[in-house]
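Enquirer: Sharing a structure here in structure tokens format.
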């Protein structure tokens, strides 16, 4: 297997950006690595990507092997380069994301929030907002390729302990989470997680911490499934908030954001032209819907794989052919996984793909593409590498494409961040007994409230119901306008109703956020 940096000597790329994996018939084996001249990314794409994931350090050693000091901020941290803090501060200040609390109170005073999310300029605004609301925070990254090193340095300089850098190894990833949590002088009482890795690590290594925890807020489908599994097994020891299935998260972060970012990530990494390409999108949830709509608009021929008959029927009604991956794998130009599951694309699929086929992942977890078996290659003497029949490209080693290879719109993360912050406030301030040790959905009222905060951006004016109209519909003229079980998303409530309760949310809560 050969690896290369598509940007040559660009300092922005410390980890291989593409992984080139050679394949032939399963009976053929090889004896030495291939050599190939690879077309590099366009200069404009390189410059744009480097501005987001900048790293001017040439030191290839692991940050955890170095003694790190900061003239300002905590002494307990581990990042790539503290000298990048000023640049990171400019990145944060340039963001459109602005969460400000109305009033002078601090609803999170005394809260100790340990977080594991993507560390970008947008999420930095959320972290600093939590601090402004009274919380103490320690943070690790949920993805080894999405961390902006300069932003991490700016957070440290602002007094927040961060354990993350772009290009962590798997071992370093878990080391960062462990050091973020494992300290005798600071113990969390709230968890903000993205993917469930932090929550799972605490359950396995520091279960005693759950005695002081007031709750968990989870925003990804992978992490939510883990919480439901714990709840079903009777092992969930604190209340948990399911942010992923809130309407504002599903529709805006999952659908509209992925609709734009999938194209940006693919263009930056491959410069591919989509017109006429045959593409398989695995999964037709909100992420899959966004990807399919974007690809179809550019002239791609899109196929969908699904296990859910409802989602499959929706794909058919939207004009996509629903098939099994094995039925068309020999003819496709690209595969995009969007399921949140594991082993969606297996070695037997990869072996059958044609020359130059691109494989990438838009789901949270890197387990959707079975790269473990892919990396196993045996070699046979006397076979020249010139005899290789084809090669394929796995982008960013099967990790999350859009956050690893492109930028993130501040507006869509403003919606998600507002929902996360309000969920933390609700769980932290809830009186004892309000929430049991279970998984809770965000109420319709909270979704509507978050949406209303962002309407002024578009100069949108809502029509108000008259008293007579509200009485006719049997609802309040101020909302909620849909019942709690109506989700506006592909969400089977009956499947989770035994595990999930609907929260109550008071819109007069003074701990509100303004854009």
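Even glycines carry a Cβ here, placed using N, Cα and C.
Positions annotated as substrate binding site by TrEMBL: 120, 194, 219, 249, 253. The NAD(+) binding site annotation in TrEMBL covers 285, 286, 287, 288, 289, 290, 306, 402. Among the features that TrEMBL reports, compositional bias 'Polar residues' is placed at 37-54. As annotated by TrEMBL, domain 'S-adenosyl-L-homocysteine hydrolase NAD binding' applies to 254-408. What TrEMBL lists as region 'Disordered' is 1-76.
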Enquirer: Write down the Cα-Cα distance for residue 253 (substrate binding site) and residue 288 (NAD(+) binding site), rounded and given in Å.
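Expert: Each residue's Cα considered, residue 288 (NAD(+) binding site) and residue 253 (substrate binding site) end up 12 Å apart.
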Enquirer: Roughly how many Å separate the Cα of residue 249 (substrate binding site) from that of residue 306 (NAD(+) binding site), to the nearest whole number?
Expert: 22
Enquirer: Among the binding-site residues 253, 286, 306, which residue has its Cβ surrounded by the fewest other Cβ atoms within 10 Å?
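Expert: Relative to the other binding-site residues in 253, 286, 306, 306 has the fewest Cβ atoms within 10 Å.
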Enquirer: Between all pairs in 285, 286, 287, 288, 289, 290, 306, 402 (listed as NAD(+) binders), what's the biggest Cα distance, rounded to the nearest Å?
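Expert: The widest Cα-Cα gap among those binding residues is 22 Å.
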Enquirer: Listing them in sequence order, which of the binding-site residues 120, 194, 219, 253 have their Cα within 10 Å of that of residue 286 (NAD(+) binding site)?
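Expert: For residue 286 (NAD(+) binding site), the binding-site residues whose Cα atoms are within 10 Å come to 253.
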Enquirer: Please name the residue among the binding-site residues 120, 402 whose C-beta has the most neighbouring C-beta atoms within 10 angstroms.
Expert: 120
Enquirer: Please identify which of 285, 288, 290 has the densest Cβ environment, defined as other Cβ atoms within 10 Å, among these binding-site residues.
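Expert: Going through 285, 288, 290 one by one, the largest Cβ count within 10 Å is at 288.
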Enquirer: Over the span of the domain 'S-adenosyl-L-homocysteine hydrolase NAD binding' (254-408), how high is the average pLDDT in this prediction?
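Expert: Summarising the domain 'S-adenosyl-L-homocysteine hydrolase NAD binding' (254-408) by its mean pLDDT gives 82.
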Enquirer: Does residue 219 (substrate binding site) have same-chain partners at least 6 apart in sequence with Cβ under 8 Å from its own Cβ, and which are they?
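Expert: Spatial neighbours, sequence-distant, of residue 219 (substrate binding site): 117, 193, 194, 243, 244, 249, 416, 420.
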